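Visitor: Just passing along the structure, written as structure tokens.
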Amino acid sequence: MRMLVSKSIFAEPEPGYYAHTPVSLVICAPNMPDLLSHRLEDGFRAASRHAEALAKLQYRDPNAKDVLGFQLAFSTTKSYWDYVEEDDPECGQRFSKAMRAVTVNKLGDVPKLYPFNKLVDDGGIIVDVGGGMGQVAQSILSHWHGLGLKCIVQDKFASKSGSTHPDLEMQSYDFFSPQPVKGSAAYLFRHIFHDWPDDACITILKNTVEAMNPHQSRILICDQIMEETNPSTAAVLYDIDMMCLYGGKERTLSEWEELLKAADQRLEIKNVFRSPNQVSGILEVQLCCD
């Protein structure tokens, strides 16, 4: 306890008596132990072999087929996603619960940050790509209720019976395949692209562009937008974590622009929505039709 007090995780108001701090209360939050477990059991193991993996790559950015710290630490040739699906479902469950903790703590950011009411005139259909169990979609519908918005939550393991909201539909979909929902007002990607290297992201974006209505559809990317210089400690730690486990990375605004142009020269960032003192934001991307 003394060590935890010295790190400001707990307080010691008087000798022999200990009290919670804001830090310890966060640790007690629902699913937070799963997030810590994911970071320690998966992230730290992968990080322990990160330097070795980088040396094998000759210190270049990885692509989707490269061997990463994760593969070396877990003695596999499979990607993280294939590994947890096929070989270690317990690891996959740990990740799912960890992401649930992240979603719960950040749930209010998305519906408040972007003016979803502007989508109504373009049909009001929001496709939440890789949207998991639909928590974010439900928060959008609750915050902007009564406007006629509808959400389609796409996830590889989505269950059609998993939706309890009348304006929410669950749809099984792998975003490396052609997008089946055409001409939606918005295609939302929340914390998707930072899990993947550029070549994989380009494939996802190209599949999305093929489905877009060039005059009204937009892509909404909710992800970190790193500072161009002197990024925060939190941002660079996430950046390393993404590379060790998945081969992904956090991106600066200029890197987002380069990625979008690599997928389709017509893609342009029209607006950037950010909260003060927050690394994450929402990029509103549309096709430029001159």
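Every residue, even glycine, has its Cβ placed from backbone N, Cα and C.
Per Swiss-Prot, active site, proton acceptor is recorded for HIS194, and the stated evidence type is sequence analysis. According to Swiss-Prot, the feature S-adenosyl-L-methionine binding site maps to ASP155, an assignment based on sequence analysis.
Please go over these features one by one and say how buried each is and what sits next to it.
Guide: Within 10 Å of the C-beta atom of HIS194 (active site, proton acceptor) sit 22 other C-beta atoms, taking all shown protein chains into account.
Long-range neighbours of ASP155 (S-adenosyl-L-methionine binding site) (same chain, six or more residues apart, CB within less than 8 Å of its CB): GLY130, GLY131, GLY132, MET133, MET170, GLN171, SER172, TYR173.
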